[in-house]
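The repeat 'Solcar 1' annotation in Swiss-Prot covers 8-92. Residues or ranges marked as repeat 'Solcar 2' in Swiss-Prot: 121-205. Residues annotated as repeat 'Solcar 3' in Swiss-Prot: 223-307. Sequence annotations record features per position, and here Swiss-Prot assigns transmembrane segment to 14-39, 67-93, 127-152, 180-203, 227-253, 282-300 based on sequence analysis.
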Amino acid sequence: MLYSCLASKTTFHFAAGLCSGLTSSILLQPADLLKTRVQQSQKTASLLPTIKTILSSPHPIRGLWRGTLPSALRTGFGSALYFTSLNALRQGLAQTEAAMAIAASSSDGKSRTSSSALPKLSNWGNLATGAVARTAAGFVMMPVTVLKVRYESDYYAYRSLYSAGRDIVRTEGVRGLFSGFGATAARDAPYAGLYVLFYEQLKRRLALVASSEQSEQPLKSTSSSSINFVSGGLAAGLATAITNPFDAVKTRLQLMPGKYGNMIRAVRLMIREDGVRSLFGGLGLRITRKALSSALAWTVYEELILRAEARWAEKDKIDL
């Protein structure tokens, strides 16, 4: 019975993560495509000319959503794996005596003066679980990420994802499907860790403000959703600004692995050829996309989990 319950909850976290990831990736694909194009080369690609080029093409709408399938697969299943592993890590860490002792001063259990149904951890716990979960999910989804970047870019003339994958394996071997993983991990681990840290801190502070305004009454569902959305957007903006250089390097490595080789060589070449500015290429687009996608994904995920937790609690009462 316990195993069945845990399995169903794990499955639901996977489904909730998948749903939230698909929603954000499909809606915000144009911003992701523009970011990839802008990061190709700081000298030849800037935002306005890139937009004009796409809009002047025979199929502008299709052009803006080019690469939606690999992006949706990557973000959808990546989010599913990330949220599932993040929940497992947070649940496990929250149950240890050391974590409980560290988090005791800020933990309030499942109180609805919080906007979240997720376990409360210390700052280091939030940082570590976010980084580990994102790195693991990123490794599993790396081949899809490489396909997405190559397909979105105008460096290649791939007509389908199959032809892209076949060409990469033929010319670069299976290793080519993991191009840029070092830079991706260097970007995603600190980004995810910082994001979860900022997100939880912002939620806690905003929830305290909202609960005081509601005279100690439980938070309304609309208040919880608003708190999660605002916290997600702000946390993503902060974490994105800090880690953008890794994203710019990752894009170059995935587009031209033969030229750039590794992270250190890529950084040197980018600065030599395009200046320090190249490390911050696409920052505005990435902040916009990350803020919106994270706000949407985490709000949808948290809302689904809150509703599921309420139903599971009611079911447990009935079973008793």
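Glycine is treated like the rest: Cβ placed from N, Cα and C.
As a summary of secondary structure, the repeat 'Solcar 1' (8-92) carries 71 helix, 0 strand, 14 coil according to DSSP.
Among the recorded stretches 127-152, 180-203, 282-300, the one sharing the largest number of Cβ pairs closer than 8 Å with the transmembrane segment (14-39) is 282-300. Distant neighbours of the transmembrane segment (282-300): 16, 19-21, 23-25, 27-28, 31-32, 34-36, 38-39, 47, 75, 79, 195, 199, 225, 228-237, 239-241, 244, 247-248, 251; these residues of the same chain sit at least 6 beyond its ends, with a Cβ under 8 Å from one of its Cβ atoms.
Looking just at the repeat 'Solcar 3' (223-307), the mean pLDDT is 88.
When the repeat 'Solcar 3' (223-307) is classified with DSSP, helix, strand and coil residues number 79 helix, 0 strand, 6 coil.
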